[in-house]
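Asker: Feature table excerpt (TrEMBL):
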DOMAIN    1-31  domain 'Connexin N-terminal'
TRANSMEM  32-53  transmembrane segment
REGION    69-91  region 'Disordered'
TRANSMEM  102-127  transmembrane segment
DOMAIN    115-182  domain 'Connexin cysteine-rich'
TRANSMEM  160-180  transmembrane segment
Amino acid sequence: MTSEANFVCNTNQPGCTSVCYDKAFPISHFRYFVLQVIFVSTPTIFYFGYVALRVRRIKKDAEEGFDRGTVKKTNSHSEEARKSGRAEEEAPEAPRLKGRLLCAYALSIFLKVLLEVGFMSGLYFLYNGFYIAAKFECHRNPCPHTVDCFVSRPTEKTIFVVYTQVVSGVSLLLNLLELLHL
């Protein structure tokens, strides 16, 4: 969102504007939000992978049981279909949310809550709040003294930061409600 060319400091000292820009914006807000979305989505992706492995294992166990002539669980609907001569192939039953599956699901939600809180507080501490001021005072080497730098479109940046935090807050609230619902 911020380009260094639009970040102006009241000095001609070589390198001063660059180090002040780096201090003011260690990472762009948009990149931070994208990184947040990726990290917060990761536990869900791992959970889906775990569920896929469990479904495959259940399906494999069911096929092996059928090949040996033993059926672990019969469905009354499938018995009726066989008796009536319909050869419908039914999809395997979805695993129920209990035992290890429930623990994995709860763990994925708990990790999402931790990551969401971490990113929200990280942004707060990284930028000293959620408000982007129009003027940034910088005192870093090679600047000879405290330099005033001016941020382009600070209102736009503040709105974007507040928007991302509201989205994060809603996500956090929904995840907490989901944990309480389990």
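Placed from the backbone N, Cα and C atoms, the Cβ positions cover glycine too.
Automated prediction, rather than curation, is the source of TrEMBL annotations.
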Asker: Quickly jot the same-chain residues contacting the domain 'Connexin N-terminal' (1-31) by Cβ under 8 Å, restricted to those at least six beyond its ends, or write none.
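Answerer: Contacts with the domain 'Connexin N-terminal' (1-31): 126, 136, 138, 140-144, 147-153, 156-157, 160-161, 164.
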Asker: What are the helix, strand and coil residue counts for the domain 'Connexin N-terminal' (1-31) according to DSSP?
Answerer: 15 helix, 2 strand, 14 coil
Asker: I'm checking region-level scores; what's the whole-number mean pLDDT for the domain 'Connexin N-terminal' (1-31)?
Answerer: 86
